[in-house]
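Pulled from TrEMBL:
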BINDING   B:41, B:42, B:43, B:71, B:89, B:176, B:177, B:178  phosphate binding site
DOMAIN    B:30-314  domain 'PBP'
SIGNAL    B:1-23  signal peptide
């Protein structure tokens, strides 16, 4: 053994077998590093896709659903009070009671499954209990004045405490979803860099080895090395394609599916709350506050610049301003739900104005009839007609996201173990390629 | 270069992916244009309203109206020529059937489209699960069983601690199909305990009589010791407990949509689709106190839009809408018969 300064020296043999072993070892090391890095990246991306699709996105949808359920809960209370105890409106009252009950369950279920801010969730549960107590008191109140008093408390509680808290949960869940997308994007960038750089390095080393061996051993082709090179190239390119493809699939799911779905849920909840203002106007004996409130909400539904609800500006961020704008509720129904929904809301607005005009001229019974009737041109039908179009659009967007998610998950299928398979093949082919040449030197 | 590589390789990768098949869509409503109107039973109002909304949303050129006047008034109006169909909780017979035939210039068809259980809702301190045989039910509503700890009730509920609270029966003071169906059940299932006959009007004095099921259920909810009969959707939305009714096979049936549908499924169906329910038949799990509402239509004189509307109502989507409105869906075999019958109208 040779020594340098008293320390055993590692001699690099510069003869052919030594160089062959060195280049082979280097190639194998790069292959192992690529295998490890690619496997880690693919597993991370797969887990992040699952987090988005099975956790963050459902949570965002649940928070949006909670907001909608609370909005409609109060709308049903208004219907119940308007129906009163009359024989003719008995069926309307029992229908409204049934929907009130269902929305209550919906809100309870959404709160139960919420994994967001526990303090806000607890506050909502407590507030909902108080709201139900006030509604019960309103329905059982002995006089119209008491009924109005308890109902005012209930609807104030809902709008000033419950809905803002539900809005907070909605915003938190959307932020979490944005963060999940951002983290996945960072992992994809890393994975693409690994595939391109390390994969490229491996392919380059294999080609170099092929050329070097061809020159040293005067043999043109080494089939095992050729196969290893082809497999490495396929792996690097496929990994890059897979990462890019699932990224586009999930981004499309967000931009054309989930983002608009959440915006539509918000607009739908706003629509329910606005329509309830028509009934609140009648229950409160024509209080102008509810006329103005309807106008303010309707401005947002039509995308009017006068809309003052700031939360509508929020949308799932894609980084692209135009894409973010298209998925935002700020643009109103026409932008997110299409002209049919916008047209049907305009029709409801018209009947709302007729109802208010009847109420203002003292024809309250006629106004209630126009509000609760289900003929074309009656408010209850026109609102159901509008809601059907928004519900269709919302469901279409949700299905789009589900399809994109399934496509992304399918694209990633097998990629937690495919790098191991490919690179094990490469690592097996390397000794097959060099052993016969090394044997010539024994 | 990069795009070409992607274009070449993407198919290889995509070969590993499965194509996503879209979900099977709901078959669309076969719309017709025009106006159709009906009147009658108030018990089916919520179901009919749900159908009207859905039908009008899907069919832009159709308009449907239904007036909830009660079965009797609805049938009278139909006989006099008003409306394209009438809702009735009791099939026509005798003079009414003849006169309806005269109006139609031919046979009248009864289409059973809305069914549901009639629940016995109660409010008794400390009693969460209550079982009653038909004989005990008849005794309670005829006034011979007057306290909740009566031996008849105790015998139906061994091991249950029953209070000595006075029983307060609540019934409909207005003529109703719910009363008619409840009394029809008592007459058939407990003839010796209920000799007071049937009909749309409550036959006995005493008890609390109230107009409308919504007032009946409100009275039960505010009165300790109360029991009354209502469409089960009323009991459900007010969270009132309901009685498990004894059946001939010795079991105790709950007032659920599925249990009611079992009773309907075992009913005899006449050529014109009138149902003959055998309340003494032993079908395990079948809830016997049921209400069936029929739509009366003329067999040979029916407009396309009326047929289209009724086809939707009898179909899967229509029956789902009725279920969401608090009724039981038609059993599959009966649904098929009704749909086929509608297809032959006109």
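Keep in mind that glycine also has a Cβ here, set from the backbone N, Cα and C atoms.
A quick note: this is a predicted structure, and the numbers were derived from the prediction, not measured.
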Which same-chain residues, if any, lie at least 6 apart from residue B:178 (phosphate binding site) yet have Cβ under 8 Å of it: B:43, B:89, B:118, B:172, B:213, B:229, B:230, B:231, B:291
Neighbouring C-beta atoms (10 Å sphere around the C-beta of residue B:177 (phosphate binding site)): 27
Site with most surrounding Cβ atoms, counting all protein chains shown within 10 Å, from the binding-site residues B:71, B:176: B:176
Site with most surrounding Cβ atoms, counting all protein chains shown within 10 Å, from the binding-site residues B:41, B:43, B:89: B:41
Sorted by sequence, non-B:41, B:42, B:43, B:71, B:89, B:176, B:177, B:178 residues with Cβ within 8 Å of centre, phosphate: B:44, B:70, B:88, B:180, B:200, B:291, B:293
Interface-adjacent binding-site residues, chosen from B:41, B:71, B:89, B:176, B:177, B:178 when a CB lies under 8 A of chain A: none
For residue B:42 (phosphate binding site), the number of other Cβ atoms found within 10 Å of its own Cβ: 27
